[in-house]
Structure formats: C-alpha cells, structure tokens
C-alpha cells in the first residue's frame, strides 16, 4: 500500500534581532493547511497559496507538531514499520529548535524517546530491544557522534555507506548502544549532540555545520509464557521478530554567504551544506516527477535516506520558514511542494527464525491444500448440477417430441381411411389386394402405422398392385421414430421439423394415390 510523504510547514515567530521586520507570511485555509505571502505586490496578490498537509503558525509549539505528525510514526515503529522525520529549511529558520527543543519546550527527539518507552510500558504482551546510534555528515564525511569529535578528523574519509543483500542501506562500523530505559537513551542523545559540529555566523550563534541522524532501532517479539515447553508450542507469530529503523534527522540549513558573512572554514562548510541540500532537492524532484533513475548515490545524505524517500518507510518532512524573508521562504516552500508528491511503500518488517518460518510455511501449505480441495468439491458439485439440469431439459424435450409424434401417427391413420363419396369405387379398388372378382369379399379396416410403413417402404407389394406414375414417398420406420426420441438437445427441433414435413408429405401423396 502506497503512502504519501507527509509534508508540514512551521512558521516560526520573529526573533529578538528581527524586531521591526515585516512579517510577509500568514497561515490560511479552514484546516490551516495553506500559507501565503500577504505582502506581495498588487499584480501578484491573486497568487494561490501553498498547500500542505498542515501549516503550523507562529503560536504553535513542538508538542503540537509531535502529537499531530510524529506520534503516528512512533506507533508504527513500535509495530515494525520504518519511520523518518526530518526538518528542512534555511539557516536560522528553527530546524534544530524543532528537533531538539529546550527544557521548557522539548523537541521532536526528546518527545520521541518519551513516547517509545511509554509505548513499551503500555504493551506488556511484547518484549523489546532498543538500540541507538548517532551520526553526522560533515563536509560529505560520515562521523560517529558517539565516539567523540575525534571520529571526524579533517582529511579522513569517514565511515562508508553499504547496502546488504536485502537492499537495506547502513553505515559500516557505526556504533550502536543498547538501552534499557528512557534515561539511557536521553544520555546517548545528549552525548552525541555535544559532539556535533556547530559554528557562529551572522545568522545564528550556534549554526549547525552538519546534517545529523539520530537512529533508534526497535526490535520486538511476543512474550512467550514460561509454561510453554518449547518453541513448537508457540505460533509463528509468537516467535517472529519485528525490526524497524526510526530516523530523526536535523539538516543543516541552506546558506547565502552574503547573509551569513561566512569566511574560511565556515564558507567551505556552507559550500558542502548547499551541495548536499541541492542533491537532496534533485532527488526529491526526480521522485516527484516519477523519473526512472534517481541519483541517490550522488551524496551521503540521500544515500542514507534512500529507504525514507520513495521506499519502505513512513516519512514526515517538517519545513521551517522565517516570516521575515521572502525568497528563501519561497525556495523552501517549493521544495516542500515537490516532496508532498512522493509516495512511499511502508510495510511491517518481520524477521523469522528457521523454526518460525517452518511453522508458517507448513500452515500456508495446509491452507492452500484446503482451498484447493474446496475448489475441487465446488467444481464437482457445479458440474453435477449442470449435467442434471441438462438431462432434465433433454428428457422434457424428448417427452414433448414423443407426444407430438403420437399425435402425428393418429393423424396419419385418420387421413388414410377418409373417403370422398364421388370416388368410392376407385378408392376401394386402390385398397383391394385380390383380383377384380374378389372385390366383394374385401373388407376395409382401420389402417395401422405398421401396415402403412410396410406398404410404403417397398416399390412393389405384389403382382396385383395398381401402379402409379407418381413418385413414391419415402418410407417411415420405427428406427426413424426412435432416432427422433434420442436426438441431442441442440438438434432436436431441426430433426422434429424434418420428420413432421416427411409425414405430412406422405399423407398428401397417399390422398393423391387414392384419387387416382
């Protein structure tokens, strides 16, 4: 089942340094799903608003976004469905605040950690294994944030992106730590965040200089009762393990060097950031346009997020925009408009042990055999019913035909003995078998079909027969009558009509012979 990427926009409030600036954008629509520039020139005021799944205004907080957009993705991850949430926008538009938050307004990542362990607590019939990793992509190199900043040494190639036999993309040698509670996972998050590359620019005192991906791997399995002696006592669903990857991504913001005042390393970092985001935008455009080839391999970011963009995951993109800018906000909204056309194909990711696979296959084979036998029985019953119906139709038709034949026989006999008063002697002579002197002893009796058949079936009956120059009629015998009764359903009418015509012709010929 396909599932569109969910795209929402967050319009942050003005910052203290932006006081006095014009607010160019406002949220519109009955469902708050549109955003429009309301300060455009008169000639452009009829432009349509940008429409998305949801637009959060300047008064919204992180909890609003989490509850409406992210919570369903967390619920899916606890049930084996991959999920990705990432923030996209220009530098200083509120991405990191949305993902990390602060003590008073926790961001998406801290709220996700709370939600995961609350979900585990509310599901006592399953047992979970939680692992976490934290990476950053800095200057197109992948570093492990759980190993400290030393893992991203300038000039090093960083960690490599790999793909396994099942098509899953992973980062080789990336450290994963198992956690047992919420506090341990928060500690890992804080440790990785402290090792992230940040720097000061004119736009942001703590500008993110890298893309970060906080990944939580959730494995779960049905709890097996202690009194069950072996795995054979469990169903295959009990021993199946679901595995999901939850990616929480904070992207570095696109930068304009003239605005950020970046020089030296900051300028170089900005170049890599913009290139990486450009590649992401191109992949989004290719997917949105339905192109057959998509350039996922052109950057580390798109390669790692390949599963989340048009693949096996539920994905939400939170695009953050600044109310005081125009062109940069338009650029972000155009990116968001393309992204909302992408369709993903999320599924439950299930891993079965050999024993569980054997039980599942055995069950499927049994069900298929039952279905096949039911189909055979149904087909047999249908065939028997069809044959019976056809037999009933044939028997009914044969009965009708036999009745009509009997009626025709009776009619034939009656017509043979009928006389015309003016030609009585001639008729008698035609019915006499002896010599002329024996006429007085000839007695007329009602003729039966057998006698008629016997006479009409031979060219000569005996030496005293009075011959006629008229053509002799074809004979009718019992075999012909029987053949009519046994005719098939499809040819019964045709044969019946032929028989009727033959008998009627014979009757007419008989009358003519008598008149002679």
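Every residue, even glycine, has its Cβ placed from backbone N, Cα and C.
Curation does not apply to TrEMBL; its annotations are automatic.
Keep in mind that this is a model prediction, so the values were computed, not measured.
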Which listed span TrEMBL calls coiled coil, if the choices are 358-411, 412-465: 358-411
In the chain carrying residue 95 (ATP binding site), residues 6 or more apart in sequence that have Cβ under 8 angstroms from it: 87, 88, 89, 208, 250, 251, 253, 318, 320
Most Cβ neighbours inside 10 Å, all chains, among the binding-site residues 90, 93, 96: 93
Secondary structure of residue 91 (ATP binding site) (DSSP, helix/strand/coil): coil
Confidence summary (mean pLDDT) of the coiled coil (358-411): 75
